[in-house]
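Engineer: Straight from TrEMBL, here's the annotation block:
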- 1-11: compositional bias 'Polar residues' (COMPBIAS)
- 1-22: region 'Disordered' (REGION)
- 41-60: transmembrane segment (TRANSMEM)
- 66-87: transmembrane segment (TRANSMEM)
- 94-117: transmembrane segment (TRANSMEM)
- 123-150: transmembrane segment (TRANSMEM)
- 239-433: domain 'Major facilitator superfamily (MFS) profile' (DOMAIN)
- 242-265: transmembrane segment (TRANSMEM)
- 271-294: transmembrane segment (TRANSMEM)
- 306-324: transmembrane segment (TRANSMEM)
- 330-348: transmembrane segment (TRANSMEM)
- 369-391: transmembrane segment (TRANSMEM)
- 397-416: transmembrane segment (TRANSMEM)
Amino acid sequence: MVTGTGEQTRTGPARGADGDSEVLRDPRFRRLWTANGFRDTAAEVAGFSLPVTAVVLLHATALEASLVAVFTRLGYLLVGLPAGAWVDRWRKRTVLLAADLAYALAFASVPATYALGCLTIPQLFAVAFVASVAGVFFDVAHTSVLPLLVSKRRVADANARLQTSENTIRTVSPGTAGLLTQAVPAPLLYGLAACLHLLSSLLVRGVRPETDVARPADGTRRLRHDIAAGIRVTTRQPLVRLLMAQAALNNLGAGVILAVLPVFLLHDLGLAPWLYGALSTAGAAAGVLSSLVGPRLRRRLGEIRMVFVFSASAPVAAVGAPLAGLAPGAAVPLVAAAQVLIGFVVVGRAIASAGLRARVTPTRYMARVAAAAGVVTQGTTPLGALLGGLLATSWSAAAALWAGVALMALPVVLLARSPLRGHRTLPVEWEED
C-alpha cells in the first residue's frame, strides 16, 4: 500500500520545459537525480523483499511481521529531532554519503547470513532499524541540500523531476522483484539493493553545493537550543502545522495497513510473491498517472484546495483492502483497486503540497523543520504498525485493516475545521527567504 506524508514526499508540479531544462543544466543536480534513481530502486527492492522474506521464508506471525514494519519506521521517533540540528551543522553531502554506506552494509548482511543458513527474524529487525535511522539522516539532508543546488522557486521543478523518476521506478521494481523471486530467494535481492546504494554513494561524492559548509557547535548554538528553535518554527507556521497534523493522522492509519496487508495477502489469502509484487506495481502505475495529471489539477484547483481534496479522499481510496476480507473470491481486484486509488491520491496530494514547506520556512531552519515535521508525520507510522499487529493478533488481519481505514478518516475532521480551508493558493505574505 502506497502512503505519503504530504509535503514530505519528493514531488512537485512541472512548470514547463524551461523549468525542467534549467534544473537539469546543473551537473550537481543531475548527479543527485541519478543517485536518487539508484537509491529509489534499492528502496523498492528491499521494501518488497522484507515482508516476503519475513512472512514466506521465515514464517513470521502477524505480530512479528508488524514489528518488522515498526523497526522500518522507528528512526524518526528516536533520532528525528537531533538529526535536524546535527544536519544543519554538518555538510549535507557527507550525510548523504554516510547514509548510503550504512544502507549498503545493512542490506549486504541479509544475503550473507542467508547463505550461511543463520538468517533470523531478529536480524530483519536490526536491518530494518539501521535502514530506518539512515533514512532519517538521508531525508533531512536531502530536503536541506536541494535548495542549495537550485533556487527555492525551482525546488518544485527539481522535485517534479525526482518524483517522475521515483514513480517510474516504483512502477517497475516491485513486479520485477516479484518475478525474480520465482528464480532466486528473496533474501538475495538485498545484495542487489546493497550494490545500488554503493553506486549512489559514488555519485553523491560529486554533489558539492557551494554553500554546503559545516557549522561548528558553540555556546550560542547548543543542540537543545537548535532543536527548540526548529520546533518553534514548525508549530507556529499554520500551513506547516496543518500539513504535519493531517499527515500524522493519515500515517497512523496507513501504518496499520502497511503492517497487516502483507500478512493478509501472503499468509491469509496465500498469494504468490509475484502477484503481491504485481499489486504493488498497480499502485505505483497509478502514481505515475497522478504525476502526469496532478500539475494540471494543481493549477486548476490551487495547491491548498488540492491538498484538502486529496487528503479527504485517502480513506475512501483505501477501503478496498478491508473489503477483500469480506469477499475473498474478489480479494485480488479489490486490493488492486485500493492500490490504484491510494497510489493516485498519495502522489496527487504530494504534488499539491510540493515545495510549500520550503517556501514558508527560513533557509537556516530547513533541516530542523524537516526533522521536527518528520518526527510527527513519520513517527506515527510505527505506532500504527504496532497497533495493527496487536489488532491482527487479537482479532484478525481483516479487522485491523478496517481500523486502519477508520484512522485514515480522522484528517478529514481536522481539515474541515481548519481556517485555511477557504484558501485556494499559498498567500504571498507567508513566503520566506
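Backbone N, Cα and C define each Cβ position, glycine as well.
Keep in mind that this is a model prediction, so the values were computed, not measured.
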Engineer: With an 8 Å cut-off on Cβ pairs and a sequence gap of 6 or more, do the transmembrane segment (330-348) and the transmembrane segment (94-117) reach 3 or more such pairs?
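Structural biologist: When sequence-distant Cβ pairs are counted, the transmembrane segment (94-117) does not touch the transmembrane segment (330-348), since fewer than 3 lie under 8 Å.
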Engineer: Tell me if the transmembrane segment (41-60) touches the transmembrane segment (94-117). I count contact as 3 or more CB pairs below 8 A, with pairs 6 or more residues apart.
Structural biologist: yes
Engineer: Return the stretch with the most CB pairs under 8 A relative to the transmembrane segment (397-416), choosing among 41-60, 66-87, 123-150, 306-324, 369-391.
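Structural biologist: Comparing 41-60, 66-87, 123-150, 306-324, 369-391: 306-324 has the most Cβ pairs near the transmembrane segment (397-416).
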Engineer: I'd like to know the mean pLDDT over the domain 'Major facilitator superfamily (MFS) profile' (239-433).
Structural biologist: 86
Engineer: Count the CB pairs under 8 A between the transmembrane segment (66-87) and each of 271-294, 306-324, 369-391, then give me the winner.
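Structural biologist: If we count Cβ pairs closer than 8 Å to the transmembrane segment (66-87), 369-391 scores highest.
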Engineer: Short question: most Cβ pairs under 8 Å with the transmembrane segment (271-294), which of 41-60, 123-150, 306-324, 369-391?
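Structural biologist: Most Cβ pairs under 8 Å with the transmembrane segment (271-294) come from 41-60.
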